[in-house]
Amino acid sequence: MYASREDIGYDFGDDSKVGSKPIKPNPNIDGGWAWMIVLSSFLVHILIMGSQMALGILNMEWLEEFNQSRGLTAWVSSLSMGITLIVGPFIGLFISMCGCRTTAIIGGILNALGWILSAYASNVHYLFLTFGVTAGIGSGMVYLPAVVMVGQYFQNRRALAQGLSTTGTGFGAFLMTALLKYLCTEFGWRNAMFIQGAISLNLCVCGALMRPLSPKELREKYVVGNDSEENRAKALSHSTETIKSNGVLGEEPEKKEEAASEVLGSVQHIEIGGKSGSGRSMYGLRLFKTVSQLTVTVRKGFALWYSSYFGAASLFTNRVFVAFIIWALFAYSSFVIPFIHLPEIVKQYKLSRQDNVFPLTSIIAIVHIFGKVILGIISDLPCISTWNVFLTANFTLVTCILTLPLMQTYIGLAVVCALIGFSSGYFSLMPVVTEDLVGTKHLANAYGIIICANGISALFGPPFAGWIYDITQKYDFSFYIAGLLYMVGIIFLLIQPCIQKKQSRDKSTEEAQV
């Protein structure tokens with residue numbers, strides 16, 4: 001139905017220079033160090049997303065410890081998950097200025113600090129600040145770079161690479177559920193959070209593995225990916241359109257960079273010529289040089305970030321992308337709610353004995369792994385549309401969410417949870433679909449917006465489900481309402497591209513008549 005950017009009829013283009021000379025493929029694109037990036041992203045998903053999927057264990061501990069309502073207590077988990085994703089656009093600005101590696105390392109330290117400080121919580125509101133906000137911001141600073149770096153290092157195997165890296169969520173949910181259960185039983189939930197904080201410091205190692213590609217390597221990626229004559233022509237036209245649409249914004253950074261280079265050159269000249277001067281003067285000149293370099297970096301990063309959101313080539317002028325944002329606002333809560341509230345549902349149905357043998361959340365996590373890999377492999381097939389696979393998985397997931405309240409036996413719940421796990425494997429396709437819509441250049445900022453919308457969904461979903469339970473004393477209506485809202489988002493995904501294609505056809509017909 002909708003296979004790519006060309007099918008949808010919208011593209012921002014990449015600023016790649018397409019030449020006639022054959023360029024030797026970079027060994028690090030689709031191979032070499034690219035697989036280390038996949039490993040780094042895989043470990044990030046284990047430590048961040050996997051831990052968040054296992055928060056149902058801690059949620060039960062907090063209910064017993066602080067004796068607060070389910071709705072209020074669920075805000076702790078929701079804040080952590082929501083803020084991780086909501087800060088995406090601002091992390092995009094940070095990435096533009098500092099790069100993925102620095103951003104991820106700082107985020108790893110913040111995340112570990114949030115877990116450790118939460119071990120000393122005296123009430124739920126304390127956890128809002130330490131676990132929800134501090135650990136949430138730290139998680140966001142690691143998660144977005146992990147996704148963006150995989151997109152930068154892969155051209156022909158993007159869906160497979162994203163699928164392999166995001167399987168860390170499933171592995172993490174399975175491993176962290178077992179680990180947190182064991183730690184809480186043996187040492188109590190406070191010591192469990194302290195230990196988890198120490199484990200989270202490994203995020204800094206993951207960040208250190210995120211070696212940035214040079215501009216030359218990025219250009220080679222785009223040119224090699226467009227080696228046919230037709231694609232070269234398209235790439236050239238995209239580059240021309242980008243220059244036209246970004247005229248002012250594209251020229252300003254270059255002018256600023258030239259001016260800054262002149263300043264830095266004069267500083268170096270003075271520095272060389274003034275070696276006989278005092279040490280204090282030399283220190284001042286070096287400090288001025290460092291500040292000038294930092295200013296240039298900040299200006300360039302902010303210009304790129306600003307142009308993506310508010311410039312002539314704003315992401316919000318892409319109507320299909322806007323429909324994608326609306327879908328994201330409703331989608332993620334339908335996946336998060338079962339992870340947070342399934343332990344309580346199992347307890348209500350008196351299925352704790354079977355669930356202790358093989359937890360339902362672990363079933364979702366394990367099948368989720370296979371779902372991501374299989375859907376990624378299918379999407380990379382030349383005859384298969386990634387967009388169609390994405391929509392089919394969404395329809396399957398929303399059906400499962402609406403069906404889950406009808407199941408009151410362990411076998412029935414296990415089957416539905418397995419389907420939820422497999423169909424939610426479409427998460428690995430989200431970066432690929434986003435890149436198809438806006439191009440690689442805008443991927444960091446665009447995906448930041450998408451996960452921000454997902455974060456809003458995750459922020460309000462579990463507390464809403466808890467609030468509905470406090471009123472009705474059952475979770476059924478929570479799943480029904482979440483499923484219906486999710487269906488609204490899917491309808492937006494279906495309608496807007498159809499309108500976009502119809503407008504493109506009408507425009508082509510008018511041009512042909514003229």
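Here the Cβ of each residue, glycine as well, is placed from N, Cα and C on the backbone.
Where the annotation comes from TrEMBL, it is an automatic prediction and has not been curated.
Worth saying up front: this structure is predicted, and the values here are computed from it rather than measured.
Feature annotation from TrEMBL assigns domain 'Major facilitator superfamily (MFS) profile' to 37-501.
Per TrEMBL, the feature transmembrane segment maps to 33-55 (among others).
The transmembrane segment annotation in TrEMBL covers 75-95 (among others). Within the same chain, residues 48, 52, 55-56, 58-59, 62, 103, 124, 127-128, 131-133, 135-137, 139-141, 143-145, 148, 301-302, 305, 308-309, 332, 336, 340, 444-445, 447-463 sit at least 6 positions outside the transmembrane segment (75-95) and bring their C-beta atoms closer than 8 Å to a C-beta of that stretch.
Residues 44, 48, 91, 94-95, 126-127, 130-131, 133-146, 190-191, 193-194, 196-198, 200-208, 210 of the same chain lie 6 or more positions beyond the ends of the transmembrane segment (102-120) yet place their CB under 8 Å from a CB of it. What TrEMBL records for 102-120 (among others) is transmembrane segment.
Annotated transmembrane segment per TrEMBL: 126-148 (among others), in sequence order. Note on the transmembrane segment (126-148): residues 40-41, 44-45, 48-49, 52, 62, 75-76, 78-88, 91-92, 94-95, 100-101, 103-104, 106-115, 117-118, 120, 162, 165, 193, 203, 206-207, 210, 431, 443-444, 447-448, 451 of its chain, located 6 or more positions outside it, place their CB under 8 angstroms from a CB of the stretch.
What TrEMBL records for 160-180 (among others) is transmembrane segment.
Nonlocal intrachain contacts for the transmembrane segment (192-210), taken as residues 6+ away from its ends with a CB within less than 8 angstroms of a stretch CB, comprise 36-37, 39-41, 43-44, 47-48, 51, 58, 100-105, 107-109, 111-116, 118-119, 131, 138, 142, 145-146, 149, 179-180, 183-184. The annotation transmembrane segment is assigned in TrEMBL to 192-210 (among others).
Taking Cβ pairs closer than 8 Å, the transmembrane segment (320-340) reaches residues 8, 10, 53-56, 59, 74, 77-78, 81, 85, 173, 360-361, 364, 394, 397-398, 401, 404, 417, 420, 424, 433-434, 437-438, 446, 449-451, 453-458, 460-462, 464-465, 478-479, 482-483, 485-486, 488-490, 492-493, 495-497, 500 in its own chain, all 6 or more past its ends. Taken from TrEMBL, the feature transmembrane segment covers 320-340 (among others).
According to TrEMBL, the transmembrane segment annotation covers 360-378 (among others). Same-chain residues lying 6 or more positions outside the transmembrane segment (360-378) and placing a CB less than 8 Å from one of its CB atoms are 50, 53-54, 56, 159-164, 166-167, 169-174, 177-178, 338-339, 342-343, 346, 384, 389, 393, 413-414, 417-429.
Annotated transmembrane segment per TrEMBL: 385-404 (among others), in sequence order.
Annotation source TrEMBL lists transmembrane segment at 410-433 (among others). Away from its own ends, the transmembrane segment (410-433) comes close to residues 147, 150-151, 158-159, 162-163, 165-167, 169-170, 324, 335, 338, 342, 346, 349, 351, 354-355, 358, 360-361, 363-368, 370-376, 379, 386-387, 389-390, 393-394, 396-397, 400-401, 403-404, 443, 447, 450 of its chain (Cβ-Cβ under 8 Å, at least six residues beyond either end).
The feature transmembrane segment is assigned by TrEMBL to 445-465 (among others).
Summarising the annotation, TrEMBL assigns transmembrane segment to 477-495 (among others).
Where the transmembrane segment (160-180) meets the stretches 33-55, 385-404, 445-465, 477-495, the count of C-beta pairs under 8 angstroms peaks at 33-55.
Looking at which of 33-55, 385-404, 445-465 has the most CB pairs under 8 Å to the transmembrane segment (477-495), the answer is the stretch 385-404.
Beyond the ends of the transmembrane segment (33-55), by six or more residues, the same chain brings 76-77, 80-81, 84, 104, 111, 139, 142-143, 146-147, 149-150, 153-154, 161, 164-177, 179-180, 196, 199-200, 202-203, 206-207, 209-211, 339-340, 361, 365 to within a C-beta distance below 8 angstroms of the stretch.
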